[in-house]
Amino acid sequence: MKLRGSPCGPLAGAFPVPGDKSLSHRALIFGALATGETVIAGLLESEDVLATAEALRAFGVRVERFGPGRWRVIGGQWRSPEAPVDCGNSGTAVRLLMGAAAGQGVRATFTGDSSLSKRPMRRVTGPLEAMGVRIEGGDRLPLTVAGPVTRGLAHLNVPASAQVKSAVLLAGLGTDQPVEIAEPVPSRDHTEIMLAEFGVEVERDGTVTRLGAKRTLEARLVEVSGDPSSAAFVLGAAAIVPGSEVSVKDVLLNPHRSGFVMALQRMGADLAMANIRGRGGETIGDVRVRFGPLFGAEFTAEEIPSMVDEIPILAVVAAGAQGETRIEGLDELRHKESDRLALMAEGLAACGVDARADGDALVVRGGAIRGGAAVRTEGDHRIAMSHLVLGLAAEQPIVVDEAEMIGTSFPTFRDAMRRLGAKIDEVEE
Ligand SMILES: O=C(O)C1=C[C@@H](OP(=O)(O)O)[C@@H](O)[C@H](O)C1
Ligand SMILES: C=C(OP(=O)(O)O)C(=O)O
């Protein structure tokens, strides 16, 4: 399905964004490792998260939906699935499940779609192998992981990856040996926070995270807050469509996830945060953005992990700003659902924006956005949503070639945007 984002009037409204994808995967997996019945409210029911739910069933775990966003997971000992476990498009699903399965001492073969099958996995299987886990396969799926974990590990998490850190911590639940991870640049810490909520002893000492003696989980209630990576499309659109004013409610504001909000502020956006509070060990709140003048800015490699999935929409915001924006340290973007660095430079340029990749940096010079182009997404949800938002602020509509994949992270994107006044519609073929 092709979608078109067209120039439109001001966006206005307030709404709660759907549940956070990172928290949703973790709530299901941790519930599956816990003793007792975990109840989850606000789970993101996107394809990536549903892939995790289905995978857990293959491991013999009872996972049930009992209402919109309301799920029940009955944890216990996992069994080795006979058939390969298909993780679809989701890097988080496959990498966290490899670690968790190893820690449970089971054997499983993991597969994924064509995009996931191109993504590097050695970054996870390497550390798991060092923990005594048997691995069959190379750097790409399909791969077989066979527990048990027989050794502890001290791991240096470079490049900063929360998926690798999580896989090591989850595998570490299966041993009483020391397990620690050092991070020169911190990646998102939802695993550390949620494991502690589930009763695991997690010691955090500056840049080092260590598992303590208690490595068992007890079931609990998990309330999933709004996804800042989805909110970024809404806020980014409000920042560049003249006259807009939009608020997102109950969104996760963990400092390792709020890089995009900080970036908007640095670019001069009219932005306010309110109602900041704690929930389930995380910080959440509401964010309001009003259209106003934006200015180009520089972002360094150290800032990237706090907005790694938001770089495509940040590049779109940069297209609507005055002057040059330079975003450094984007090598990891080449290893996501697509080569996001190359596709953003290509898509923006096709829409008449002065944008280019410069080594592992993205350089965007803002100004009038011509649009009037069809853009290639290579099935990457964030590339699709970013260009649809760009179309709202362009002179001519922008068409994206494949929009189904938006369902992997933000299935209600089109409805949510349309309710705010955005013009996003299907292109008849
Ligand atoms: O742990 C997570 O939930 C995620 C970590 C990030 O990946 P890396 O760990 O590869 O940086 C991010 O890009 C992904 O969307 C979700
Ligand atoms: C990179 C992403 O997800 P994952 O790694 O889980 O596929 C994303 O959602 O942008």
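A Cβ is built for glycine as well, from the same backbone N, Cα and C atoms used for every other residue.
Predicted automatically and left uncurated, TrEMBL annotations should be read as such.
Feature list (source: TrEMBL):
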type     : residues                                            : note
ACT_SITE : Asp309                                              : active site, proton acceptor
BINDING  : Lys21, Ser22, Arg26, Ser161, Gln163, Asp309, Lys336 : 3-phosphoshikimate binding site
BINDING  : Lys21, Gly91, Arg119, Gln163, Arg340, Arg382        : phosphoenolpyruvate binding site
DOMAIN   : 9-417                                               : domain 'Enolpyruvate transferase'
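Locations of recorded TrEMBL features on the structure.
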{"residue": "Ser22", "record": "3-phosphoshikimate binding site", "CB count, 10 Å": "27"}
{"residue": "Arg26", "record": "3-phosphoshikimate binding site", "CB count, 10 Å": "26"}
{"residue": "Gly91", "record": "phosphoenolpyruvate binding site", "CB count, 10 Å": "21"}
{"residue": "Arg119", "record": "phosphoenolpyruvate binding site", "CB count, 10 Å": "18"}
{"residue": "Ser161", "record": "3-phosphoshikimate binding site", "CB count, 10 Å": "22"}
{"residue": "Gln163", "record": "3-phosphoshikimate binding site", "CB count, 10 Å": "22"}
{"residue": "Asp309", "record": "active site, proton acceptor", "CB count, 10 Å": "24"}
{"residue": "Lys336", "record": "3-phosphoshikimate binding site", "CB count, 10 Å": "20"}
{"residue": "Arg340", "record": "phosphoenolpyruvate binding site", "CB count, 10 Å": "25"}
{"residue": "Arg382", "record": "phosphoenolpyruvate binding site", "CB count, 10 Å": "29"}
#### Entry: Assigned conformation of Ser161 (3-phosphoshikimate binding site) - DSSP reduced to three states
coil
### Task
Output: those recorded positions from Arg26, Gly91, Ser161, Asp309, Arg382 whose CB lies less than 6 Å from an atom of ligand 2, in sequence order; none if no residue fits.
Gly91, Asp309, Arg382
### Message
Near ligand 1, meaning Cβ under 6 Å from any of its atoms: which of the binding-site residues Arg26, Arg119, Gln163, Arg340 fit that description?
### Response
Gln163
### Task
List the Cα distance (Å, whole number) between Arg382 (phosphoenolpyruvate binding site) and Ser22 (3-phosphoshikimate binding site).
15
### Query
Roughly how many Å separate the Cα of Gly91 (phosphoenolpyruvate binding site) from that of Arg26 (3-phosphoshikimate binding site), to the nearest whole number?
13
### Message
For the C-alpha pair, I'd like the distance in angstrom between Ser161 (3-phosphoshikimate binding site) and Arg119 (phosphoenolpyruvate binding site), rounded off.
### Response
13
### Message
I'd like the Cβ neighbour count for Lys21 (3-phosphoshikimate binding site), meaning other Cβ atoms within 10 Å of its Cβ, all protein chains included.
### Response
24
### Query
When you look at Lys21, Gly91, Arg119, Gln163, Arg340, Arg382, which the record names as binding phosphoenolpyruvate, what is the longest CA to CA distance in angstrom?
19
